[in-house]
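Below is one structure; the comments refer to it alone.
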Amino acid sequence: MGRDHVKVCVRTRPTSTFAQDAIVIDKEAQTITVNHGTLEQEAEIAATGMHDNRQNSFRFQFHHVLHNAGQDTIYDGLARDVVQGAVDGISGCIMTYGQTGSGKTFTMSGDSGNYQHRGISPRALTHVFQEVNARIETAFSVNITYMEIYNEKIFDLLVDPAVNATKGDYTIAEDRAGRGVFVRGLTEVEVKSEQEALNLLYGGELMRTTAQHNLNKKSNRSHSIFTVYVTQRAKSGVSEKVVSSKLNLVDLAGSERLKKALDQERLEGRTVSDETIKKESMYINQSLSYLEQCVVALSRRNAGHVPYRQSKLTNVLKDSLGGNCNTLLLACIWGEAQHLEETMSTLRLASRMMRVQNETHALEVLDPMQTLKKQERTIRDLKQELLMHDALADRSRVVYDPYTPEQQQGIRRQLEKFVAAQGPEEEEASFPPLESVRQMREICRVFKTLILEVQGDARSALLNSAGGMGEGGLATPEDGDTREGVEGGNPNKMQGTADTLVGSMEPDNGFGLGRAPDHARPVTVDSTRDRPLSRQQQGGRGGASSAFMAGAPPAGQSEPKDGLLSPVLSASEVGDDGPSATKRHFGRSRVGGGAGGGVQAPASGTTFNDRSLLAGGAGGGPSGGRWGGGGGVVGEAKSAMYEAFKQGVGRQLNGELLATKALAKAQKEGVREQAARVNALKKQIDQLQATVRDKRLKRPSLPDVKGTADDVMDEDEFKLVTQERETKRNYKEAFEVLAKAKAKMEASAQQEEELRKDLIQSFDGYLEEKAEGGFEEDGLDIDSRAPLSPGGGIRWDEGGFEDTGSLEQAALTRVADKDQNSLAFFQAQKTRIATRNQNTLALKQAHRSKRNR
Ligand SMILES: Nc1ncnc2c1ncn2[C@@H]1O[C@H](COP(=O)(O)OP(=O)(O)OP(=O)(O)O)[C@@H](O)[C@H]1O
């Protein structure tokens, strides 16, 4: 076991405008000095020409400072050891930390379209499988999980995003003997090859971006954790030891301040509300600040309480921070002047991390199956030894199987003879011959039974004689006493059965039915009738209460000594609605409790509903995504591409959108006209009603035949009333037409929104596909439209039909010629692109069928 400090390295993102005056890197001493004065200080210095004594120069020392370093340097110089440790049985964790855009994802995952620029994760998988394949004497099992923590909620990246949306939150558990901290319920996939592992890595990344579209959450606003579990045991099966380790590859969310996050999102054209961004920033900052609190607590000489449980991130990383783990922190910084504040904060946390110490040792556990097998082998060997020993000692009658009832009876008869023997000679003759320790043990056991029987007989004889000496004197069969044993007038039988229990051995060598003791009687309805029922019993419903009513204690519960049946649930547990309602209540209160820190986690399906999707996606233009920034297509160029896309690849979809838009507009106009008609009719009704009312007030009253006054309508008034009735009918009809027209208009508007969203998504996919051209730079040309079938297939090309099997083979040969190790990466990319295309297609089809419903 060894104690090691967390290794901390700083990586600068290459930039042409590196703030050389403000950030001074000493590669020899591995230090960074930041000359960071506040704006007020600088203004003050400019105005007065005098420096104040506030510190504005900070020097940080790290294990490594890598300026303009390539991906190879990062992996071979830093990450390789951690991965090697994980294969050797010591868990490892590599974390990237820093502000958005500083190169965290580039460092961890790299460029998925470029083999040379692949990051730590794909390289680590190559490394792991190289070791697994090389160590032929060891049986490895490699399992993978991939998750992200977004707004303090865990998302499984190895399942469809829709599954995550319906699933409740996952729980974090700890297995001290094996895998350490893990997330219960997360999909864990066993992988047999590097390519399978790479497929999961890229598949998970694809899930992140798919969820980005569907849930409007952005991948760089979440923490992602890719975990590789390695279990190894000796193939020979001689050792029952199992060594477990894991490798956590953590890409943390951007650590910038809220204002910067807002500016950045706006710049990238992300179409979500400020509230959403604020909420994301709040969760990110909260979890990073808890991470910092843990690091501060751990960096103290005597680390007391470490607040791991405050956030999901720190809880999941519990054993990577101050636990049994080789931890490497890669702090990524952007060396430009405008990012100085973020750089300072990154360097501060990184330098604190330098003080954190971890304990590293391989975790060995015993495989229960192997242990059992080993013990079975030992027993078999020992039995053989014993047989040989018996044969040599002429003890051939010794048996090692359990004694049968007949053999036990034989011992019993011999012992009875021995007990009945008179004098030493008889005793000697009746003494059972001793053959083995096992036989001696069995003799003792049978002897014990005999003694207990005699004791029991003596006790019951005493009791019977005491009972017979009571009121009625000594009981005789003539007295009509029907007690067992007495009935037949055989005192021996009475003694023999009085205390012989059901299944006990009887003196005549058989198993008697005996008599169950009183205390062994089951509780009957009668026996509980007199007992007062507790409140819970009276109030309980369902299974538990019916068990009470039948008088039987609930399964698994014994009857309490005081005679009262114990309640299934305590009073506090049983609510008015019975036990199940109580459970529901607990469930709710637990949810409430889980939302600690004053912020309630979003209930699944609440935050990420269709409406928020519409709000984000239907913003009128293509969503920013990864294309919005980081050197991608920006602003006007992107709009121009979008326009071109609408006229080209997306023409059909755009045509549909325009037609639907026109229809929606015409329908809106129709609704407006119909609403005017309805309003006019309403006005007409009001006027008619007023006129009729007026007329009714003015007309004279005439006495009727019964002498009471009654209203008589003149012709004019009759006409008006008829007209009013007619207008009301027209109004009703017009209103119904209006309602139908409105419904149609809303459906068209919705269809328009969906088409627009489709168009934007297709555009995003189109851009991404274009960007896959990165392979071409490398000479690894992957055709994203070609079907991914190992046997090949036929595809349409400009020149006509082509056999893609031979094309694929040619591409593979080219890749292998260039670098044999890149084959798995190449294949995984093909799978990723094919999956992405399938996802896009499925998404479009789902939208279509929804629209047509
Ligand atoms: N060391 C580097 N060399 C070359 N390009 C880099 C380097 N670091 C970052 N980049 C480029 O900078 C851009 C932003 O990097 P990246 O996405 O890795 O940043 P990030 O810190 O992960 O940001 P986010 O928090 O948004 O995910 C990418 O286009 C990436 O290719």
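Placed from the backbone N, Cα and C atoms, the Cβ positions cover glycine too.
Curation does not apply to TrEMBL; its annotations are automatic.
Feature list (source: TrEMBL):
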BINDING   Gly98, Gln99, Thr100, Gly101, Ser102, Gly103, Lys104, Thr105  ATP binding site
COILED    671-698  coiled coil
COMPBIAS  516-533  compositional bias 'Basic and acidic residues'
REGION    465-603  region 'Disordered'
REGION    774-800  region 'Disordered'
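Computed over the coiled coil (671-698), the whole-number mean pLDDT of the model equals 89.
In this view, Thr100 (ATP binding site) is surrounded by 24 other Cβ atoms within 10 Å of its Cβ, with every protein chain counted. In this structure, the binding-site residues that sit close to ligand 1, with a C-beta under 6 angstroms from any of its atoms, are Gly103, Lys104, chosen from Gln99, Gly103, Lys104.
Annotation: Gly98 carries the greatest number of neighbouring Cβ atoms among the binding-site residues Gly98, Gly101, Gly103 [cut-off 10 Å, Cβ to Cβ]. Secondary structure from DSSP puts Lys104 (ATP binding site) in a helix. Within 10 Å of the Cβ of Gln99 (ATP binding site) there are 24 other Cβ atoms, across all protein chains. According to DSSP, Gly98 (ATP binding site) sits within a strand segment. In the structure shown, across all protein chains, Ser102 is the one of the binding-site residues Ser102, Thr105 with the greatest number of other Cβ atoms within 10 Å. The Cβ of Lys104 (ATP binding site) lies under 8 Å from the Cβ of Thr96, Tyr97, Gly98, Asp251, Leu252, Gly254, Leu330, Cys332, each of which sits 6+ residues away along the same chain.
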